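*Asks:* According to Swiss-Prot:
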type	residues	note
DISULFID	Cys7-Cys19	disulfide bond
MOD_RES	Gln25	glutamine amide
Amino acid sequence: ENFSGGCVAGYMRTPDGRCKPTFYQ
């Protein structure tokens, strides 16, 4: 799933190219 190189709203892209929820910080 590629959203212009980004992720779904509320998610961030990790260095390995995956997406993680920003609230896991």
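Glycine is treated like the rest: Cβ placed from N, Cα and C.
Quick caveat, the model's predicted, so the values are computed rather than measured.
Describe each of these features in terms of where it is and what it packs against.
*Replies:* The Cβ of Cys7 (disulfide bond) has 18 other Cβ atoms within 10 Å, all protein chains considered.
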*Asks:* Once the chains shown are all counted, how many other Cβ atoms turn up within 10 Å of the Cβ of Cys19 (disulfide bond)?
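*Replies:* I count 15 other Cβ atoms within 10 Å of it.
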